[in-house]
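In Swiss-Prot this protein carries:
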BINDING   Gly107, Glu108, Phe109, Gly110, Ser111, Gly112, Lys113, Thr114  ATP binding site
Amino acid sequence: MSEVALEELPGVGPATAEKLKEAGFNTVEAVAVASPSELATTAEIGESTAAKIINSARQAADIGGFETGDLVLERRKLVGKLTTGCVEFDEMMGGGIETQSITELYGEFGSGKTQVAHQLAVNVQMDKEHGGLDGSVIIIDTENTFRPERITQMVKGLSEKYGMELDPEEFLQNIHVARAYNSNHQILLVDSATDLANELKEMGKPVRLLIVDSLMAHFRAEYVGRGTLADRQQKLNKHMHGLLRFGDLFNACVVVTNQVMAKPDAFFGDPTRPVGGHIVGHTATFRLYLRKSKGEKRIIRLVDSPSLPEGEAVVAVTTAGLTDQ
């Protein structure tokens, strides 16, 4: 990544640079992946000037050009894999949850979506030898489901699993939680997460996991009826691309939980469908469908992936956390 300062970009003076930083565009890379209209509004400049600044940023950060497949393959080696803590689940995911991607967990209430999210928030802090990414966590909580007590239980579970002394307090200090009160606030928190991630990166505690639990709760409550659908999807599209951008900028896993609905015209098969429509379907890199089974058992199905076949894994949600069945 380039170390060019914002002020060094053509057309960006100290005043413009300050406005960009206030809006969360702290690096040349962040400017390079912005849209001209977004930058123009933020910095109070014309769109043509914004487009020139973005082009300069892309050249400085070496972003946005064409490259050959072998170079893409080489760059893919930087992608990390975060263990789920379950062998069968990891194997289905090709080694774990990928960085620089959005992984969607959808299912009915009680299917284990929030439990998986909590487990990942613990696992990501482990070293790479134990399947972690040595990173911090940011959680955008829309339904007040984050429970520090559950994190403590899971850390104790890992202590027993690996025979290590792990301090739950230390794990909790590396989890940064913000409660989102409406959809606008939820989108704004992604910008705040970018600022926080930049600060933590400088402190040597890079963010390797961003969780949104749950993605659609506020959008469903605020946009009721077909007449509001276009506005909702437009706003949701912006939100999803903000999450994708975060994953790319910080080489982080982005995990979103999602609610479901029953499709009334489905006469055969499972009528359960994730909400959010095609916007979420196209933007999520991996889609996982969680279902309840007997007792602690949960069935996790990989429904969509650009590189992996469909598959199922059976896990157990126990007091100690997510384990193999």
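Glycine is treated like the rest: Cβ placed from N, Cα and C.
From a predicted model like this one, the values you see are computed outputs, not experimental measurements.
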Other residues, Cβ within 8 Å of Gly107, Glu108, Phe109, Gly110, Ser111, Gly112, Lys113, Thr114 Cβ centroid (ATP site)
Gln115, Leu290, Lys292
Name, in the order they occur in the sequence, the residues of the same chain whose CB lies under 8 A from the CB of Gly107 (ATP binding site) and which sit 6 or more residues away.
Lys113, Val260, Thr272, Tyr289, Leu290, Arg291, Lys292
Around the Cβ of Gly112 (ATP binding site), the count of other Cβ atoms that are within 10 Å
26
Only counting partners 6 or more residues apart, tell me which same-chain residues put their Cβ under 8 Å from the Cβ of Thr114 (ATP binding site).
Thr145, Asp213, Thr257
Helix, strand or coil at Phe109 (ATP binding site), per DSSP?
coil
Determine the most Cβ-crowded residue among the binding-site residues Glu108, Ser111, Lys113, using a 10 Å radius around each Cβ and all protein chains in the structure.
Lys113
